[in-house]
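Let me begin by presenting the structure, written as structure tokens, before commenting on it.
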Amino acid sequence: MKFNDVTRGTGLEEHGITNANLIYWTPPTSVLYEQIIKRGEGLVSHMGALAVKTGHYTGRAANEKFIVDEPTCHENVAWGKVNKPFDPQKFDELYKRMLAYMDGRNLFVQDCFAGADREHRLPLRIITERAWHSLFARNMFIRATPEELEQHEPRFALINLPGFHAIPSIDGTHSEAFIIVNLGRKLILIGGTSYAGEIKKSIFTILNYILPVEKKILSMHCSANVGPKGDSAVFFGLSGTGKTTLSADSSRALIGDDEHGWDDKGLFNFEGGCYAKIIRLCPESEPEIFATTRRFGTILENVAINTRTRRVDLDDDSFTENTRASYPLTHIPNIVPSGIAGHPANIIMLTCDAYGVLPPISHLTKEQAMYHFLSGYTARVAGTEAGVKEPTATFSTCFGGPFMALNPTVYGELLREKISRHNVSCWLVNTGWNGGPYGVGERIRISYSRALINAALDGTLADGSFETDPFFGLAIPTSCPGVPSEMLNPRNTWSDPARYDDTASRLVAMFRSNFTKYQPYVSAEVANAL
């Protein structure tokens with residue numbers, strides 16, 4: 001049968017799947033909508049977006065992620081709490097049970113790519129038991145043309161079976177849920193969780209392994225956009241720090257909102273879609289993202305919906321704080337269609353400072369940039385991980401520690417080399433609290449963060465004056481159009497300056513304690529950047 005046929009009975013034998021019922025092969029969005037409704041997987045909201053629930057897991061199950069410890073990757077992977085080793089034999093036994101589970105079931109396949117640059121893109125095959133997860137893959141990855149589908153040979157396959165539960169005592173997992181990456185077999189297994197973010201972040205993990213190791217390409221947890229003069233900018237930051245929001249600017253074209261590579265030619269997006277946090281999404285401050293929540297093809301994950309009127313409530317967090325919208329990049333009006341741009345002129349490192357002591361924006365030296373990149377200070381923002389209810393200070397290296405398969409200094413050295421070669425200006429932006437810590441101060445307005453970033457990107461801040469923060473050694477601008485000058489130095493916003501000094505000193509100590517593990521791998525200038 002040809003690839004333009006919607007269903008077939010065979011085609012997955014190379015993955016050991018020999019007895020499935022119907023296989024929906026790269027079905028279009030409309031077919032997936034039909035199946036989602038028919039199978040009771042979701043509801044169509046009043047403006048056409050699809051509302052789904054993920055059940056028990058409403059965020060990443062970080063403790064359930066493993067990498068198979070096998071010869072091809074043993075020496076390269078940074079084993080530890082993030083990259084937990086999994087026994088190859090246990091993997092094979094678990095996979096056999098998953099194959100048996102798929103017998104007689106309908107399956108959905110999306111043949112697609114990760115990586116907008118054709119020279120570096122990774123051919124993928126995403127196999128799911130639920131139609132809405134297939135739509136998620138169709139939204140998030142780069143779609144293959146009909147001609148490419150005829151010749152598609154996946155380098156990696158991902159099998160997602162939320163209805164299949166592991167047995168910890170037999171399988172060596174921690175719970176019924178599991179996300180297991182096998183770099184040698186080029187296979188990812190996901191079970192026991194319906195949270196769609198596991199699909200995209202598993203693919204991101206393998207890109208974070210393959211690209212630096214095989215091609216010396218820097219893989220980054222970042223968003224990126226391009227200005228009217230062709231100047232591109234990179235926004236680093238963990239989930240919930242503002243990457244998606246602040247890079248979706250009507251005056252700049254969006255390259256992508258979450259994952260990118262940086263090679264000798266410039267930047268390229270890994271994905272073909274966005275996965276935006278939408279809790280309490282405001283149409284006035286985030287009009288482009290808000291508009292996507294009212295579009296056919298968008299998936300609204302864990303968003304409250306009135307089952308009678310089919311109207312959604314983006315302010316309702318009764319199910320989770322981590323409500324999400326998955327949509328193709330084409331839902332955003334101002335994008336870079338190719339997903340490719342030149343070398344960045346500016347790098348923005350976003351942090352959600354729960355202590356409220358970092359300035360809203362500061363200019364970094366190259367040494368400070370590498371220090372803060374390796375530190376990855378931010379807060380675990382409520383809802384993005386299972387069990388996290390409110391912001392908690394944390395250090396997540398490379399602003400994406402849970403997804404970095406290699407030693408962080410591999411990514412840090414690649415970043416240092418590229419910043420130096422291309423003379424990139426680097427900025428640290430606090431989208432967290434001002435006037436006090438979480439619970440006392442106020443969250444910095446999106447409009448202020450956007451004004452500060454725009455002033456950094458257009459050169460206004462660089463042309464102005466700066467003062468040096470005595471605790472972190474950061475260069476703080478003394479003024480910025482559209483932002484109250486008194487808030488630029490955070491000490492001025494605290495009612496008790498002595499308490500600010502004490503809190504800032506404690507955070508400096510936390511930075512230095514965390515950085516000791518990187519000191520053997522970096523220069524003295526970087527080690528002493530704070």
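Cβ coordinates come from backbone N, Cα and C, glycine included.
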Same Mn(2+) site per Swiss-Prot - residue from Lys186, Lys201, Lys366 joining His221, Asp258: Lys201
One of Arg308, Arg310, Arg311, Arg324 listed by Swiss-Prot as binding substrate at the site of Arg60, Tyr195, Lys201: Arg324
Distant-in-sequence Cβ neighbours of Tyr195 (substrate binding site), under 8 Å, six or more positions away: Thr54, Tyr57, Thr58, Gly59, Arg60, Ala61, Glu301
Cβ neighbours of Lys201 (substrate binding site) where a neighbour is any other Cβ within 10 Å: 23
Rounded Cα-Cα span from Arg324 (substrate binding site) to Asp258 (Mn(2+) binding site), Å: 14
Rounded inter-Cα distance in Å - Lys243 (ATP binding site), His221 (Mn(2+) binding site): 9
Among the substrate-binding set Arg60, Tyr195, Lys201, Arg324, as the record gives it, the longest Cα-Cα distance in Å: 14
Distance check against His221 (Mn(2+) binding site) for the binding-site residues Gly237, Thr241, Arg324, keeping those with Cα within 10 Å: Gly237
